[in-house]
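Some features that TrEMBL has for this protein:
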TRANSMEM  37-59  transmembrane segment
TRANSMEM  71-87  transmembrane segment
TRANSMEM  93-111  transmembrane segment
TRANSMEM  118-139  transmembrane segment
TRANSMEM  145-162  transmembrane segment
TRANSMEM  174-195  transmembrane segment
TRANSMEM  207-225  transmembrane segment
Amino acid sequence: MVSPVTVVKSEGPKLVPFFKATCVYFVLWLPTSSPSWFSALIKCLPIFCLWMFLLAHGFNFLGASSNARKIFAGLVFSALGDAFLIWQEQGYFVHGLLMFAITHILYSSAFGMKPINVTAGLVVTAVSSVSYMLLYPYLSGPFTYLVAVYIGLIGFMGWRAVAGLQLANDLWTWTKLCACLGAVLFMVSDLTIAVNKFCFPVPHSRAIIMATYYAAQMLISLSVVECQDAGTARKRA
């Protein structure tokens, strides 16, 4: 297993643009009441940097790893979702929801179906069910089933990420840990969005949503770097 020190040394420099772009977003803190293409660019900029992070590993890396391609595609749809949500008050919330639904399908496929880990599935199902039951009284019209489908998709993605982290059997890597933490943070971010939009105002909701969201996307992007590490190890062998 690759040591954390090696990971920081090899991947840290490639993530510097992402950290800078994230800082720019939080420093500018453009008002959401005045959506513009500039505010959309600033919001999407950290995700663009994650595109570049994966591309920095080389086109051969993306070409050889289907999981990396799926994560990259998920980041593309995430950027589209971010852009749509800039204009959510103008009627584009559902469009953003659709983009992120596709993102979760791609991420789920990248995380794979092995191991099954029924226990993790039951825990995530319970959390997802409770979340929907709490939201249900506040939902109306098409959102009653749209939110249910979305929670099912992000819950499935969370299950597949958590299932890969087998701490009890010591069958884990730092990349699987990244996938697990990233998925959990994504769920926290989206649940905060839902509660803030449909139920009641959440204090500092925007800061919570964006901090957990950017961290989630970074960790999920890191989760596929193992493919390159494994390939390098095989070549050295």
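Just so it is clear, glycine is given a Cβ too, placed from its N, Cα and C backbone atoms.
Given the structure is predicted, the values throughout are model-derived calculations rather than measurements.
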Using a cut-off of under 8 Å between C-beta atoms, tell me which stretch among 71-87, 118-139, 145-162 contacts the transmembrane segment (37-59) the most. 71-87
Suppose I define contact as three or more CB-CB distances under 8 A, residues 6 or more apart in sequence; do the transmembrane segment (174-195) and the transmembrane segment (118-139) meet it? yes
Any chance the transmembrane segment (71-87) and the transmembrane segment (207-225) are in contact, meaning at least three CB pairs closer than 8 A with a sequence separation of 6+? yes
Six or more residues out from either end of the transmembrane segment (207-225), which same-chain residues have a Cβ under 8 Å from its Cβ atoms? 7, 11, 15, 18, 22, 25-26, 46-47, 50, 53-54, 57, 65, 67-68, 71, 74-75, 78, 107, 110-111, 161, 175-176, 178-179, 181-186, 188-189, 192-193, 196
